[in-house]
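Q: Before anything else, here's the structure in question.
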Amino acid sequence: VRFRSCDGNKKIHFGSSEPEDFRVGEDGVVYAERSFQLSAEPTEFVVSAQDKETQQEWQMRVKLTPEPAVTGASEKDQRKIEEIIFPWQQYKQSSPLKRQKRDWVIPPINLPENSKGPFPQELVRIRSDRDKSLSLRYSVTGPGADQPPTGIFIINPISGQLSVTKPLDREQIASFHLRAHAVDVNGNQVENPIDIVINVIDMNDNRPEFLHQVWNGTVPEGSKPGTYVMTVTAIDADDPNAQNGMLRYRILSQAPSSPSPNMFTINNETGDIITVAAGLDREKVQQYTLIIQATDMEGNPTYGLSNTATAVIAVTDVNDNPPEFTAMTFYGEVPENRVDVIVANLTVTDKDQPHTPAWNAMYRMTGGDPTGRFTILTDPNSNDGLVTVVKPIDFETNRMFVLTVAAENQVPLAKGIQHPPQSTATVSITVIDVNESPYFVPNPKLVRQEEGLLAGSMLTTFTAQDPDRYMQQTSLRYSKLSDPANWLKIDPINGQITTTGVLDRESIYVQNNMYNATFLASDNGIPPMSGTGTLQIYLLDINDNAPQVHPKEATTCETLQPNAINITAVDPDIDPNAGPFAFELPDTPASIKRNWTIVRISGDHAQLSLRIRFLEAGIYDVPIVITDSGNPHASSTSLLKVKVCQCDLNGDCTDVDRIVGAGLGTGAIIAILLCIIILLILVLMFVVWMKRRDKERQAKQLLIDPEDDVRDNILKYDEEGGGEEDQ
């Protein structure tokens with residue numbers, strides 16, 4: 001059936017009054033919806049055409065009459081085959097009738113797909129009105145005839161009968177475009193070719209196919225009705241513009257069915273899945289499984305083909321449950337003076353998904369710790385709060401702490417949740433008293449004392465204190481831990497320190513006038529504890545050391561010029577018991593002042609020189625009296641060994657032999673003795689080697705045959721002028 005509107009732009013939807021028996025496609029083709037027997041009487045039904053925009057409707061009555069069943073040649077004779085005649089036109093002038101070619105638009109031929117035959121099946125007959133006067137030959141060209149796929153359409157060259165040779169598949173080729181030709185027996189074109197369009201009418205022979213067999217989507221818990229979840233899509237290979245390819249979706253089942261069996265709905269045309277009911281709670285149902293059905297024929301359950309897929313919808317977590325403490329009060333204990341110790345585990349419950357920001361707990365103290373001695377860390381695995389000591393606690397100061405703590409999630413609660421955002425609890429922490437080490441006061445202790453304090457003198461009292469005021473303990477015991485010079489001892493009961501030796505500031509154990517000793521104080525607690533203290537003795541200098549000359553040896557020339565010797569006074573004491581020093585020569589023996597003179601050139605230095613013009617070379621001991629500036633003064637007589645020698649013009653000694661003969665130092669004598677011993681050893685080794693060599697020679701002579709001895713084979717010839725042979 002066809003509908004033609006006046007303006008030609010109307011969008012028409014066809015309908016049937018008997019939809020269970022007959023269906024009308026969008027292209028006006030009428031189909032039988034089922035197999036049934038027609039009675040001999042005509043079957044009538046109404047086809048309606050409705051304007052999709054204005055809803056205006058037109059109706060037309062269709063009368064369907066069955067053809068009588070015929071077989072063989074009679075069927076061919078009685079079936080009326082449509083003819084397509086090559087177009088032409090007549091017009092009249094003064095001359096006889098003539099004709100002129102004109103173009104026609106040949107209506108397309110509609111051929112249902114999947115036809116069961118029999119084949120070849122006749123379609124149309126192509127003929128020319130000139131076949132009465134000429135013998136014509138007909139042919140068709142184009143895809144499906146003489147082009148791939150070839151052989152689908154054939155034509156009888158004599159009668160022009162066009163036939164199809166096998167069933168067609170619209171999903172492979174939806175239409176064929178052929179061209180019909182008419183030529184005479186000589187191959188000359190008689191008519192212009194005409195175009196023939198064969199449309200393959202779609203049949204509902206393909207089920208819908210989902211792009212995925214399993215679709216995965218998510219929806220937050222607590223979502224309101226109408227929340228978009230996901231979209232499922234199916235395709236149908238049939239004509240999408242006909243009912244065969246028009247799909248409709250629906251939900252067949254939902255598992256689980258709580259809290260409602262219809263938690264979701266689907267848009268039957270687009271496949272969009274949305275929520276339709278409230279009550280999504282991940283803590284109760286974490287996942288829904290929907291069976292989705294797609295049906296063609298616009299969802300007609302009787303005639304449409306269907307297919308199913310699975311939609312898995314995971315309910316995602318939102319923070320709709322705050323953490324809650326499992327107890328109102330937690331208890332813990334910690335030994336005093338311990339840090340980085342976990343004293344209590346705070347446990348919470350949270351119904352949200354574990355290890356997400358909506359489940360992870362954060363703890364904080366809201367009271368009871370003004371000095372910041374505790375902190376709370378979160379165990380990432382158990383979500384527990386670990387109360388940890390970060391600063392030492394003194395039992396004697398604080399015996400118990402009562403902390404107020406709060407727990408909340410990393411992210412805030414979702415809107416509309418009626419629960420409080422945090423949970424609170426108290427933590428009672430008991431401090432355990434432990435035996436602490438005694439400590440000296442002050443530490444270190446500084447004592448100023450003059451050196452020279454005799455042994456057995458009381459120096460000071462160095463005592464310690466025990467911080468454990470609530471423990472039943474006896475008094476402390478004292479002992480010496482370090483005393484480098486062994487000058488001190490301590491009373492084990494009262495800590496009184498006395499000297500066991502003379503304090504000497506000039507000792508090697510004194511650095512920068514300071515002497516350090518260490519003492520130990522021990523209690524009898526369980527376990528016993530001890531503490532150390534350092535006693536620093538600042539030694540004040542007294543004038544207990546006389547100055548000495550430096551160097552001890554010197555060299556000068558036997559003549560008056562040049563003969564100056566520079567000497568220095570050395571005193572272990574410090575100011576004011578050291579320099580400036582006084583230098584002088586003693587009165588006895590009288591030769592000292594007669595031969596020598598000394599002049600001070602600075603506070604620590606003096607110059608010794610000859611008083612006489614000439615002094616015989618040799619070694620002289622010159623006593624020098626040096627007095628310091630202490631109160632009282634300290635003086636000493638130091639011997640300066642002076643070597644007098646003959647000198648050259650430069651002032652260097654030349655009379656070395658006499659000086660050496662007169663006296664050598666200890667080092668020189670040892671060096672000379674070592675050289676002599678080495679020389680004797682070398683001589684001894686040489687003698688031994690010579691003797692061994694002589695013995696080896698004698699042994700070789702005994703091994704030689706006397707006849708081979710060249711000394712016995714010398715012949716004497718009384719001839720002169722020997723030739724080359726004699727040479």
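Residue numbers in this text run from 1 along the chain shown.
Note: Cβ is positioned from N, Cα and C throughout, glycine not excepted.
Pasting the relevant annotations from TrEMBL:
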DOMAIN    103-210  domain 'Cadherin'
DOMAIN    211-325  domain 'Cadherin'
DOMAIN    326-440  domain 'Cadherin'
DOMAIN    441-549  domain 'Cadherin'
DOMAIN    548-654  domain 'Cadherin'
TRANSMEM  668-690  transmembrane segment
Q: Summarise the domain 'Cadherin' (326-440) by DSSP state, stating how many residues are helix, strand and coil.
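A: Final tally across the stretch: 0 helix, 54 strand, 61 coil.
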Q: On average, what pLDDT score does this prediction assign to the domain 'Cadherin' (326-440)?
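A: It averages 88.
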Q: List the helix, strand and coil residue totals of the domain 'Cadherin' (548-654) as derived from DSSP.
A: 6 helix, 53 strand, 48 coil
Q: So how many of the residues in the domain 'Cadherin' (103-210) end up helix, strand or coil by DSSP?
A: 4 helix, 47 strand, 57 coil
